Amino acid sequence: MSQKQMKEAFVSNHNGTSVLEITEGLCLPALCILCRGFLIILSQHLRSSSHTWRTRFFIDFAFLIVPLVTTLTIFASFVLLEYLIVIIFGAVLLYETYCRRTCYARMPVGKILEKFLKISLESEYIPAISCFRVINSAFTAVAILAVDFPLFPRRFAKTELYGTGAMDFGVGAFIFGTAMVCPEVRRKYTKGSRLCYLTKSLYSVWPLVFLGMGRLVIIKSIGYQEHLTEYGVHWNFFFTLIVVKLITSPLLIIFPLNKSWIVAISIIVFYQLALDFTPLKRLVLYGSDGTGTRVGLFNANREGIISTLGYVAIHMAGVQTGSYVLKKRSHIKDWIKVACYILLTAIGFFISLYIVQVNVEVASRRMANLAFCIWIVASCLILLSSLLLGDIILNFAKFLIKGATVPCSWKLIQSPAANRKHSESLVSEAERKEPTLCLITAMNRNQLIFFLLSNVTTGLVNLWVDTLHSSTLWALFVLNLYMFTNCLVIYVLHLQDKTVKFW
């Protein structure tokens, strides 16, 4: 076998892992981000000078990127141990913060909680959504290179036909995360006619056309390894994003945003019925002649074309979630209710997933069927709810220290109905100004550039390094250096106040 064939075989024919194992790993990044916040608050209190950009970068890299690399490689079978370590570390930091509190120093914890529940939050955006998108971007960047090394567990790779792999989640979560902040949800196109809005919306896909065609030409010209049954011969994820945008833009003009869940359910149910009661499933798996032919443009790309319907349903579910979460709220109690409601909804989806997998069909990324879509939405909601709850806990820690500020988290303001005696302790001058030394903010600001940079550097590493025969230590070094380089480029762009856009 050639090197290309060996690498293709190495990432093919896998059946995934359990839903529980993937779900276990979803909340770990949220806990790491929470510990990062505790550490920043405590260090601000203990130090008179603020962190330099280098110090803040290393803190963010250590808490956001390193745990993802280790969880997907050497600690893949010890996730619960990681949870224990992170929880103990976070509890110690929170206890130290509480003991060193500068606000309500002589007040018992019960009274402090009562005061905390009366405050309001001020933010132009929802930090949990930014963290959600950044976590998925970082996870994807780590996984697309790590999968080529032997230390990456094969059960985490993309599944061949049925099953749930960690990399399968990354694909669906990207669609879901993009939908939560799409222009329709953010009311970006509020002026002009619907036709004008539709024209602007459809025009915005041209960068994706360029990127999709560019990737196709480069991959074919250099003979880079491909997973044929992932999308097909010519199709790639950029083309899926294009079709999803072309379909959902008219749908969001016809149907109200708060009815997106009805559209999502209707699409995925009819799609699943078509898979079960028509030749559609056979067409996806075996082509038009039943022998797996790749003759003709449709047969060559049948997986990518047909699975788009499932991703459309995921996108509409993301729109529904985004329109709910981005509603204007200020009181901390309201956000606690939102986080709990999303968590309960996620649990309901997991129950539905079990029923569907037992009675209808097991999840399949290749077809993006009903079970796959339910799994993606449930997992995204679990991650989002854990980030919301984490940010609420982080704000409690900020509430205890006068002038504490954490990048990419809510700002505290005094509730109008509350006593204004402690208003100065809640709104500091530092907090009025948006912090800039933040890797999360930097990655969220230039997410597409980070994704493209990760793809390019992944290709370069594969061309220069024999990934199949790399030792564990060498693979870890390469993965961390690769992520360090990508993150540093994005971070420097952010420090230079540069936002790279193609439209």
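For all residues, glycine too, the Cβ spot is worked out from N, Cα and C.
Remember, TrEMBL labels are computer predictions, not curated facts.
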Given 78-100, 262-284, which one carries TrEMBL's transmembrane segment label?
262-284
Contact between the transmembrane segment (471-493) and the transmembrane segment (57-75) (at least 3 Cβ pairs under 8 Å, separation 6+):
yes
Which of 125-149, 203-223, 235-255, 338-356 has the most Cβ pairs closer than 8 Å to the transmembrane segment (57-75)?
125-149
Does the chain bring the transmembrane segment (448-465) near the transmembrane segment (338-356), so that three or more CB pairs sit under 8 Å (pairs 6 or more apart in sequence)?
no
Who are the long-range neighbours of the transmembrane segment (262-284) in its own chain, taking Cβ under 8 Å and residues 6 or more past its ends?
251, 255, 290, 302-303, 306-307, 309-310, 312-314, 316-317, 320, 360-361, 366-367, 369-370, 373
Determine which residues of the chain contact the transmembrane segment (304-326) at the Cβ level, with the cut-off under 8 Å and only residues 6 or more beyond its ends counted.
126, 128-129, 172, 175-182, 184-186, 230-232, 235-236, 239-240, 243-244, 247-248, 251-252, 257-258, 260-261, 263-265, 267-268, 271, 280, 283-284, 298, 338, 342, 365-369, 372-373, 376-377, 380-381, 384
